[in-house]
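Before any comments, here is the structure.
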């Protein structure tokens with residue numbers, strides 16, 4: 001295909017889509033090279049050819065002429081109405097510097113990439129070696145997202161009401177609203193995907209996953225999730241072993257709840273963990289959660305260094321799509337872009353977002369109160385009537401509460417997303433962090449409010465033990481269904497006819513099959529699930545020692561199940577380079593801190609511990625004072641442990657400081673060179 005002849009085009013070029021690659025010739029800023037198709041833009045069948053040609057020319061135009069400086073190829077008729085996009089070497093290299101990625105220097109050490117010093121980096125002439133597939137595809141995404149109309153203009157072939165682009169309006173968002181673009185997603189490389197699958201879930205690699213291959217193909221976001229899941233699974237072995245010992249080897253360690261008749265009334269006898277077993281489990285849970293988080297930080301920093309994402313510079317990148325404000329010069333970068341005052345954003349968060357979040361949390365508490373009130377009413381009615389109808393009504397409060405919380409959760413998630421958009425965050429990470437924080441607060445209340453109510457208001461440890469056991473067992477059954485049974489059915493029955501069709505026309509199906517898959521829903525729900533179960537373990541495991549055992553069994557099926565889903569059941573997701581888990585790591589740290597207080601007071605509420613204290617002459621207010629003292633001591637121990645364990649290993653710290661020093665030296669050398677007169681250099 002020949003470009004449209006725009007003077008701002010990246011190149012006058014010939015491109016041939018053959019065997020998954022384009023041959024690119026005569027690039028003004030790159031040597032002749034072979035580039036692969038990276039991203040698919042799906043258009044509706046009704047789009048006009050003139051609109052499609054205009055979009056292709058815009059994608060290929062240089063940045064100084066308002067384009068994305070990418071390569072575009074229209075899809076064939078049998079592939080549907082699509083545009084396949086890739087990127088030339090110069091665009092990829094400049095974006096690598098803008099993102100702040102680190103790559104191997106000529107001395108084989110990691111260094112912050114500099115476009116002006118590009119020749120001193122290894123594999124810089126081969127983009128498929130220099131950048132991972134996920135990085136190349138993400139660069140294409142950010143270049144497409146950064147397309148803005150430089151002046152008010154019309155979109156060719158689009159009706160009047162939808163075809164007007166205002167000055168500095170985001171073009172891709174406008175085209176989506178106008179119905180010109182249906183979807184944009186990265187393309188699979190089938191050969192590499194098969195290799196990742198073979199090394200990953202096909203060999204049942206539960207304890208040792210190919211993390212480098214995952215990061216290279218799916219990106220850092222996915223790789224960090226599976227690395228954390230693997231690390232978490234290994235970390236569950238010690239508490240699971242302790243739980244088995246306390247349950248089966250220590251008398252009374254399993255926390256069995258018996259019922260006995262006293263004067264004709266059925267009463268629950270708390271044959272819970274022994275004093276020693278209860279204290280061991282509580283103290284171990286608090287220390288384990290601290291060590292787990294601190295050692296994960298070290299693991300995370302090692303991975304981010306290895307993957308070159310330790311020094312990302314998102315603050316200086318282009319604003320995220322959807323960010324709006326008054327057009328002006330960015331005081332840091334000097335670029336013309338929308339500006340939005342930080343104080344206005346803070347006002348929106350403080351005066352609108354926080355009160356609305358508090359309102360929904362109050363609705364959670366209101367629903368829980370209504371549940372207990374309704375349960376008391378139907379139980380009283382059943383005791384009076386004793387009919388089958390009244391017996392059926394006993395399930396009504398639970399059903400009503402489940403429906404209420406489900407509806408409330410869906411409404412809240414929609415409100416949280418709209419609030420976060422309205423807050424108008426410039427960086428994508430800031431947007432995600434604020435959105436996740438809102439959902440986490442609601443999730444914490446929604447999942448743990450009932451357990452805290454049973455533990456600290458009703459002070460009914462046998463009921464807490466039964467409730468926790470039922471939640472874990474139910475989650476285990478649901479997990480087995482969603483992680484094992486559903487993927488098996490999809491793979492062996494629903495996908496089998498499509499696999500047969502794919503054998504007939506493999507080349508055409510590479511595009512058609514990927515377009516038919518649903519979009520990847522993200523890892524939000526997966527992290528929420530891990531966080532809730534981590535909360536069960538760190539907050540309440542002292543009353544049910546088998547918690548870690550059930551979570552370990554869950555993770556054993558979670559890893560291959562999640563791996564299969566992301567490889568086979570969804571489109572390939574875009575994945576931004578990241579240096580850690582972001583706000584999720586903070587959420588786990590907060591739960592670890594809360595676990596100290598939770599376990600201390602659960603220990604105090606144990607009848608056996610109270611009996612032990614009374615026998616030792618400690619009673620009344622003195623028991624509470626002792627509990628507060630123990631709590632503060634354990635918090636101090638937790639803080640000391642966190643301080644004594646560095647967040648990054650020494651070798652990573654040294655490498656990080658070397659990168660910072662070399663970057664400073666390179667910048668200083670560049671400044672010196674810029675002041676030397678050109679005739680002196682000659």
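Quick reminder: no glycine exception, Cβ is built from N, Cα and C everywhere.
What TrEMBL records for this protein:
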DOMAIN    214-658  domain 'Anoctamin transmembrane'
TRANSMEM  349-372  transmembrane segment
TRANSMEM  392-415  transmembrane segment
TRANSMEM  436-457  transmembrane segment
TRANSMEM  534-557  transmembrane segment
TRANSMEM  624-645  transmembrane segment
**Item:** Closest-packing stretch to the transmembrane segment (436-457), where packing means Cβ pairs under 8 Å, from 349-372, 392-415, 534-557, 624-645
**Value:** 349-372
**Message:** Suppose I define contact as three or more CB-CB distances under 8 A, residues 6 or more apart in sequence; do the transmembrane segment (392-415) and the transmembrane segment (624-645) meet it?
**Reply:** no
**Request:** Quickly jot the same-chain residues contacting the transmembrane segment (349-372) by Cβ under 8 Å, restricted to those at least six beyond its ends, or write none.
**Result:** 397-398, 400-401, 404-405, 408, 412, 415-416, 419-420, 422-423, 434, 438, 441-442, 445-446, 449-450, 453
**Message:** For the transmembrane segment (624-645), give me same-chain residues lying six or more residues beyond its boundaries with a C-beta closer than 8 angstroms to one of its C-beta atoms, as numbers and ranges.
**Reply:** 283, 286-287, 290-291, 293-295, 298, 592-593, 596-597, 600-601, 603-604, 613, 618
